[in-house]
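Some notes on the structure that comes next.
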């Protein structure tokens with residue numbers, strides 16, 4: 001595992017809760033994007049910010065690094081990959097080092113008084129893949145994981161770790177467009193099926209005719225799921 005300076009600080013965009021903060025959500029963007037860009041994209045789709053009365057949303061930005069699919073060009077990516085395909089090895093050195101960095105972000109929330117069981121991790125595309133590595137390998141005690149248009153490689157170390165058993169398995173919420181021509185729908189479905197076979201409680205929503213993008217239906221389904229995993233302090237709390 002590559003060493004990561006303890007001083008690494010990820011730029012982030014934060015949407016504060018409208019009421020008392022009692023839970024946190026970390027939303028990881030896709031390759032080449034940014035935390036601010038992810039927030040603005042969601043705001044454009046919903047015609048408003050994704051907000052909650054009690055949940056703080058954190059949109060961090062990945063560091064700029066050489067990215068092999070861009071022939072070594074610099075891009076804001078959570079990790080490197082040899083190509084965008086299920087059928088290749090994972091670039092574990094970069095994945096593991098970023099797990100360390102993002103663990104620091106989780107620790108920051110815990111230090112403010114938020115229990116790990118009140119933290120959700122997820123993301124779009126590469127961000128969803130990163131979230132699965134982070135949660136299932138390093139932080140299995142989080143409230144859940146969400147993946148939008150993402151996948152794991154066929155021989156992912158995530159599967160290898162889960163095969164060992166004896167650990168908590170956060171619930172997985174997954175959405176994928178049926179017309180996705182970058183990250184194929186079949187890749188997302190296969191990832192979901194494999195994790196389910198390893199004991200993960202999963203849901204998978206196919207979005208008809210949706211390419212590699214977000215839509216309102218998807219985000220509304222996500223918001224409903226978030227509230228089942230991170231409910232407010234009272235049953236009658238309005239969102």
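Heads up, the Cβ atoms here are built off N, Cα and C, so glycines get one too.
Quick look at what Swiss-Prot annotates:
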| type | residues | note |
| --- | --- | --- |
| MOD_RES | 2 | N-acetylalanine |
| ACT_SITE | 125 | active site, charge relay system |
| ACT_SITE | 180 | active site, charge relay system |
| ACT_SITE | 212 | active site, charge relay system |
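Under 8 Å, Cβ to Cβ, and six or more positions away along its own chain, residue 180 (active site, charge relay system) finds 149, 188, 210, 211, 212. Counting only same-chain residues six or more apart in sequence, the Cβ atoms lying under 8 angstroms from the Cβ of residue 125 (active site, charge relay system) belong to 30, 31, 148, 149, 150, 182, 183, 212.
For residue 212 (active site, charge relay system), other Cβ atoms within 10 Å of its Cβ number 17.
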